[in-house]
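Trainee: Annotation source Swiss-Prot lists ATP binding site at GLY8, ARG9, ALA10, GLY11, SER12, GLY13, LYS14, SER15, citing sequence analysis. Here Swiss-Prot flags CYS786, CYS1106, CYS1109, CYS1115 as [4Fe-4S] cluster binding site, drawing on sequence analysis.
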Amino acid sequence: MSLRFIYGRAGSGKSQYCLNSIKNRIEEDIDRPLILLVPEQFSFQAEKNLIEVLDEKTGFKTQVLSFKRMAYRVFNEVGGITAKHMNESGKSMLLYNIIEDNKNNLKVFKKAAKRQGFITTISDIITEFKRYNITPEIILNNLENIEGDNLKYKMEDLALIFSQFETRLHKNYIDNEDDLTILAEKLNKSKQFDNAEIWIDEFSSFSPQEYSVLEKLLLKSYRINITLCTDYLNQGRFVDTTDVFSPIKNTENKLLQIIEDNNIKLDKPIALKCDPCARFKNSAELQHLEKNMFSFPYKEYKNETKDICMLKTLNQFTEIENTAKDIIKLCIDKGCRFKDIAVITGDLEGYENIISSVFLQYNIPFFIDKKREINNNPIIVLILSALEVLSKNWTYESVFRYLKTGLLDINNEEMDILENYVLANGIKGYQWTNDKLWEYKSFSNYELEDQVEKELLAKINDIRYKAMEPIVTLNKNFKSIDKAKEFCEVLYEFLCNINLPDKIQNMIEDFKVEGEIEKASEYNQIWNIVMEVLDQIVEVIGEEKISLKEFFKILQTGLSEYEIGLIPPTLDQVMVGSITRLRSHNINTLYIVGVNDGIFPSPLKEEGILSDDDRKFLGDKGLEIAKDTKSIAFEEQFLVYSTLTTPSKYLRLSYPIADGEGKTLRPSIIISRIKKIFTNICEENDIVKLNGEEEELKNISSAKPTFNYLISNLRKDVEGAKIDNIWGDTYKWYLENEFWIEKLNRLIKGFDYTNQSKYIETKKIRNLYGKPLKISVSRVEKFSQCPFAYFVQYGLKAKDRKIFNLSYPDLGIFMHSILEKFSHELEKQGLEWDTMDLNWAEEEIDKLINEELDNKSLDILNSSKRYEYVTKSVKKILKRSIWLIGEHIKRGNFKPSYYELSFDIDGDYPPIAMELHSGEVVNLIGRVDRVDLLQKDGATYLKIIDYKSGAKEFKLSDVYYGLQLQLLIYLDAILTELAERSGINGEPGALLYLKLDDPIVKNTVDMSDEEIEKSIIKNLKMKGLILNDPNVIRDMDNIISGISDIIPVMVKKDGGVSEGRSSVATKEEFETLRKYVRYTIIEICEEMLEGNIEIKPYKKKDGSSCDYCIYSSVCKFDTNIRGNKYNILIDKKDEEVWDDIKKKLEC
């Protein structure tokens, strides 16, 4: 019985020493068992290495074991396992059931139990307890030593859950985590390790369970040899936590304590001192890095490096692209094999998709060493969403998640038809399952669409029944059962009824034919996992009574614990993985990507259920559990050391300066540390683009990515830029290659591509727009924003998918409608705005809204609590608005005379006729919200008011650009009609926008009601253009003094208007605007009828017409495409606008 340490720094040859020692023992023909004990993840590599050292005849004399394998060997020899193992999925389902049963008895975790991930957290802490040999009884016996209620109650909850878990588990099962505890007990009876010599390699630490096993092995074996990656042995002394080798030295101390307690001999250690070490014999740079990375003081390496390189990149994509180029270069220039290369990162999740995409493009064979979650696999999605449909009562999300799995007998066209119908009509819940046929209706401006053809409606209902029938049957079968076992049986029957097993088998065969072996393996495993989870539910809680919702949660919990492990399909491929899963030292070349702060080294992990303080307190009381986060952070140093010393020939560290969203990333402290050691390190970057053939050569690698670079350079050449001669030779190579020539020619033709189609035939436009042209003024403004957007919306009549909701425009129309009805009711009752009773007015608003909802069958406003809130908000806004209108009218002499004044064939006034230069007449239609009149000095002054549910400014420059024409053309039309029809001398008074809102007034505690009302009036001040006449202005605001709080005007002390602080125009200027608006509309309409459909959105300093355009996917506007340019509109000062308008009218 003895223990011997084999120690040395990384790369010193410890593993090789073990293999050679085993070989020597075999050659010496010593008759004793020879065992190599390694971590589970290293067992495959260790077996390979052992076979390489030993010949086929002697290889069988040595066993390569992990602790788990050792346990199975002993159990097979002496017995001990009479029950089946429960996997992580079964444990999670059992824990969920225990927590649900005991949630009212939990003191700390009652609320936390509902949180996602809580079951996994509890499972992890129980695993931790078991690995540290802590039982529920030990926790209970130590409760009296715990001070502080929070920790005490926490441990009581954990003891309760842990105790019931153990009791229920051991009825039929055994936990995987119990294997080593049982192994330690059974080793006394085992004979296979008697007098054995054991080599233990690749461990940096052990759990208490493993120490118990080692103690028993030490008492039975001839000798145990343990490798320690350290510079020197600690020999039981105090360990400095800042020492990079502190985890190893802690392990050494614990092993020394075991042999001291058992009076076991300590053999002379084997010290593997080397310079250089075997691993770094071909690289002085890597040897220097190993020696100095964590040495203080360190020694500088002043020569230029070639084996250690750094790369600074613009983002993660260019980082991986540069990595791929470097891998290709190494393989071509230096004969490196893909299997000798590894790419690792501290953020595999963030890099996985980028690496997959880039490496596939560069034809680099690779395998991502990680277990895949199964939650997003279509089979799992189908099962869980089918149950979610029932547990959540047929919500849109759950139904279409189920239907879109691709595993049902519904094709994509049927899916789209059904989904469009459901979205347009807000179908959910009982509407899916009632016997009534669906009637086609949709919500838009309170009007039902025309009846859809009977064939389409019948088709929709057929698809509906085909979609819902299996789940309706499933629900029917669920209603007659209440046991977990029965739920599993019914679900399995459902899966068979939809032919899921056969469909999965067909998919697996298809994947194999297409060469997608990983996919085939994944789908094969998934079905087996589903069956395994159902079996475990039956065996663990099969006879317990549960509800459908509980069954859904239990199944979801069980499936969420599964991950799929895939086997590398070939040997010669680049290994891609996480820093923590780096498995082999047989790596020549290592790329560490994402060497950024917070990624490598990894940041401190969250403390979990037990905080650092909790762990320290429990440790002080004799309850040793896993290390706190600070201790783990110190141990991270050793992980960094192990990672950096893994490659034997070449190491490259790269870091981007920004992530995928453009957020700044800082380089890791590792970068600065290495730069200090290697003062002349090879450092590259792709941020500053260098010119020259040597730089261009870096972009020539595999055919596909090189082709992309070629096309980019050919485009530059076409556009007149100078490119390197090397691309001419590259172009010739692709021209001579049959596979590429067609693609090359096709893409070169694409250089002439433009998405522009500036004009189409007048005849076609006439067919689309109609003749004679009859359009609203708002459409004219739309054309000014972008001719193409107008064409798509009003020519092609393209519509966005209809959704059952109340859009902002719908809300505005609804409020306009209520205000119009209220205004007419006011007239009908013979009441005036300025004298009406406010209580009556508010009751009338309530009544009108309720009537409107009933009459129009607007189910949406009663469809949810949210829309009920919207209805209440609309009532408040409208009540505030009628109060505000009344206050405005009280302040002036203008009287409301017209409401919703319309210009149309059947309107209050005829359409506004605009004669084009060709003699053709265009009819403009529209509606004015309100017109107030003032009779004064033989003239009738008009105040035109437009109600707006959002903010709206009046800008003279927008009038100039044709973006704000409505109020001016309505003014012109009304003045013209008054003069021609009635002989009335009409004059412009004001054009105003009134915002419909109920603003919140802040800091009202010390304000009187009058002050609050004044604040609201000021907040809702109207915007627009006012006649520059002090007398008329006072007729709009008779208490004006200084700045008006209802209109955009400021008067001076002498009574005159402050033009610089007011939005005003003289009578002559209004007349000029009337002429200009007519001129502009004629120009726009002529352009429209000439077939102008140019993609030309406007752009101003505060935004562009593209910002909220729904047709961007149609036009694909991009300033990088030839001919795609914004129509830049400069915000001009009013003086400039007046000058430009006059110049245009003079032409």
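Cβ coordinates come from backbone N, Cα and C, glycine included.
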Trainee: Using DSSP with the three-state reduction, classify GLY8 (ATP binding site) as helix, strand or coil.
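Mentor: DSSP assigns GLY8 (ATP binding site) to strand.
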Trainee: Can you list, in sequence order, the residues of the same chain other than CYS786, CYS1106, CYS1109, CYS1115 whose CB lies within 8 Å of the CB centroid of the [4Fe-4S] cluster site?
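Mentor: Nearby residues not in the site list: GLN785, PHE788, ALA789, ILE1095, PRO1097, SER1104, SER1105, TYR1111, SER1112, PHE1117.
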Trainee: Find the shortest Cα-Cα separation between CYS1109 ([4Fe-4S] cluster binding site) and the binding-site residues ALA10, SER12, GLY13, and name the residue that gives it.
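Mentor: In terms of Cα distance, CYS1109 ([4Fe-4S] cluster binding site) lies closest to ALA10.
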Trainee: Give me the CA-CA distance between CYS1115 ([4Fe-4S] cluster binding site) and SER12 (ATP binding site), in Å, as a whole number.
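Mentor: So the alpha carbons of CYS1115 ([4Fe-4S] cluster binding site) and SER12 (ATP binding site) sit roughly 64 Å from each other.
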Trainee: Distance check, please: Cα of ALA10 (ATP binding site) against Cα of CYS1106 ([4Fe-4S] cluster binding site), rounded to an integer number of angstrom.
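Mentor: Rounded to the nearest whole number, the Cα-Cα distance is 59 Å.
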Trainee: Inside 10 Å of the Cβ of CYS1106 ([4Fe-4S] cluster binding site), count up the other Cβ atoms and send me the figure.
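Mentor: Taking every protein chain into account, the count is 18.
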Trainee: Other than GLY8, ARG9, ALA10, GLY11, SER12, GLY13, LYS14, SER15, which residues of the chain come within 8 Å of the ATP site, judged by Cβ distance to the Cβ centroid of those residues?
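Mentor: These residues sit around the ATP site: CYS229, LEU272, CYS274, CYS277, ALA278, ARG279.
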Trainee: How many Å lie between the Cα of CYS1106 ([4Fe-4S] cluster binding site) and the Cα of ARG9 (ATP binding site)?
Mentor: 62
Trainee: Out of GLY8, GLY11, GLY13, which of the binding-site residues has the smallest number of neighbouring Cβ atoms within 10 Å?
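Mentor: Among the binding-site residues GLY8, GLY11, GLY13, the lowest count of other Cβ atoms within 10 Å belongs to GLY13.
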Trainee: C-alpha of GLY11 (ATP binding site) to C-alpha of CYS786 ([4Fe-4S] cluster binding site): distance in Å?
Mentor: 68
Trainee: I'd like the number of other C-beta atoms within 10 A of the C-beta of CYS1115 ([4Fe-4S] cluster binding site), please.
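Mentor: CYS1115 ([4Fe-4S] cluster binding site) is surrounded by 22 other Cβ atoms within 10 Å.
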Trainee: Calculate the distance in Å between the alpha carbons (Cα) of GLY8 (ATP binding site) and CYS786 ([4Fe-4S] cluster binding site), and round it to a whole number.
Mentor: 73
Trainee: Does DSSP put CYS1115 ([4Fe-4S] cluster binding site) in a helix, in a strand, or in coil?
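Mentor: DSSP assigns CYS1115 ([4Fe-4S] cluster binding site) to helix.
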Trainee: Could you work out which of the binding-site residues (ALA10, CYS786, CYS1109) has its C-beta surrounded by the smallest number of other C-beta atoms within 10 A?
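Mentor: Counting other Cβ atoms within 10 Å of each of the binding-site residues ALA10, CYS786, CYS1109 gives the minimum at CYS1109.
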Trainee: Give me the CA-CA distance between GLY13 (ATP binding site) and CYS786 ([4Fe-4S] cluster binding site), in Å, as a whole number.
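Mentor: So the Cα of CYS786 ([4Fe-4S] cluster binding site) lies 72 Å away from that of GLY13 (ATP binding site).
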Trainee: Enter the number of other CB atoms within 10 angstroms of the CB of SER12 (ATP binding site).
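Mentor: Counting Cβ neighbours of SER12 (ATP binding site) within 10 Å gives 25.
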Trainee: I want to verify one value. Collapsing DSSP to three states, which class is SER15 (ATP binding site)?
Mentor: helix
Trainee: Using a 10 Å radius around its CB, how many other CB atoms surround ARG9 (ATP binding site)?
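Mentor: ARG9 (ATP binding site): 22 neighbouring Cβ atoms within 10 Å.
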